[in-house]
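Record features, source Swiss-Prot:
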{"type": "BINDING", "residues": "122, 123, 124, 125, 126, 127, 128", "note": "ATP binding site"}
């Protein structure tokens with residue numbers, strides 16, 4: 001295998017992307033196309049929302065994976081980290097031919113190395129925070145490109161904002177320590193707790209990964225961190241003793257300084273809050289106090305880049321930021337509103353960890369106190385479910401009705417028989433009075449057609465494929481009108 005590299009100038013370079021339909025890969029394709037690269041790709045035949053993005057870009061996508069997809073002799077191959085040559089003939093052929101290859105995290109690292117780069121990290125909250133920053137970049141006319149891990153609302157289904165090339169801002173993922181390929185000048189750290197149990201053997205293991213990520217900051221690099229999160233406080237304490245040269249900027253309700261948060265409550269489907277260092281109120285149009293914390297982290301980074309580009313922060317800059325937050329509608333699969341029909345509000349959220357589930361449901365309960373909340377949850381990965389079984393069972397307290405399914409398996413793990421969806425169902429029944437189990441997602445359709453009524457909020461939760469249930473039910477009730 002020949003480790004490839006991406007030069008700062010990719011204009012005219014032929015880049016083939018294996019697994020191009022993934023959210024991150026398609027976003028990277030858009031970024032590379034905008035910089036003049038000749039991009040092609042390959043993937044499975046299944047249709048995803050990223051197909052529309054790739055078609056709009058004019059990127060040829062070949063299906064299925066095949067050695068023939070390399071016939072155009074690409075200069076570089078970038079592949080999703082989900083694929084390895086032992087299981088993907090196309091990637092194995094690229095290795096055999098000696099074509100320079102690199103993974104998606106490695107490609108992101110090369111891009112970050114050539115620019116003033118900022119990484120957004122955290123077990124929870126990094127996607128929404130990055131999406132908020134993307135909209136701020138547009139409104140503030142910052143000379144920056146932003147790569148988000150999901151399609152941003154109001155951004156033409158796209159996961160990227162291309163506003164310039166001085167700054168590069170990206171969502172960076174902790175899974176398998178992928179973010180250690182990134183070269184940040186600034187980091188926003190939203191949350192840290194044990195997750196990805198198929199890779200991280202313990203909480204201490206994932207804590208160490210985040211410590212090493214912070215340690216990649218250069219001398220006098222900036223760390224914006226959510227001091228309300230216990231895991232963040234612990235990793236920052238470790239970093240502070242070994243890296244006293246860094247600039248530490250806390251944000252949250254516990255924070256001192258400019259980004260100390262006071263939350264005032266929900267008003268007209270917006271949460272009002274204020275920051276210690278700024279006059280007046282801010283509003284965020286997403287449910288949950290965690291949305292306020294995400295907004296504050298985004299504000300802190302955006303204002304630091306405003307100072308770097310413009311030399312000062314003006315009233316106009318703050319007005320623009322207030323506007324972004326008040327109008328921000330989230331991103332795909334993050335408290336995403338699918339629509340309302342017959343008085344039933346349909347939503348979808350990617351929350352697949354007990355902490356995320358609890359925060360999401362509590363936020364929805366506060367935002368929509370008059371609605372009954374009906375949740376369909378599909379747990380993702382056997383290892384995560386086994387490790388957090390009790391926590392999952394206790395995470396639905398703010399739901400009125402709960403539907404569970406068989407666990408959505410990860411391609412990267414083998415089921416060992418230790419836990420399944422019925423185990424989660426039996427334990428959840430002890431904690432909640434209305435819990436139902438349907439092994440397959442679509443088996444729940446008749447029950448939900450009869451159960452849902454005017455005034456309900458139906459939300460699909462999880463990283464599985466149960467999100468399709470919302471669309472099926474929405475269309476059913478639409479036809480019934």
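Every residue number used here counts from 1 along the chain in the order it is shown.
Backbone N, Cα and C atoms are what each Cβ position is placed from, and that goes for glycine too.
Computed from a predicted structure; not experimentally measured.
Where Swiss-Prot records a feature, it is marked here on the structure.
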residue: 122; record: ATP binding site; Cβ contacts under 8 Å, 6 or more apart: 129, 188, 189, 190, 191, 192, 226, 229, 232
residue: 123; record: ATP binding site; Cβ contacts under 8 Å, 6 or more apart: 174, 190, 191, 192, 193, 195, 206, 231, 353, 355
residue: 124; record: ATP binding site; Cβ contacts under 8 Å, 6 or more apart: 190, 191, 193, 290, 353, 355, 356, 359
residue: 125; record: ATP binding site; Cβ contacts under 8 Å, 6 or more apart: 190, 191, 226, 290, 293, 294, 297
residue: 126; record: ATP binding site; Cβ contacts under 8 Å, 6 or more apart: 120, 149, 171, 172, 173, 188, 190
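Other residues of the same chain near the ATP site, with their Cβ within 8 Å of the Cβ centroid of 122, 123, 124, 125, 126, 127, 128, are 120, 129, 190, 191, 294. Comparing Cβ neighbour counts within 10 Å across the binding-site residues 127, 128, the minimum falls on 127.
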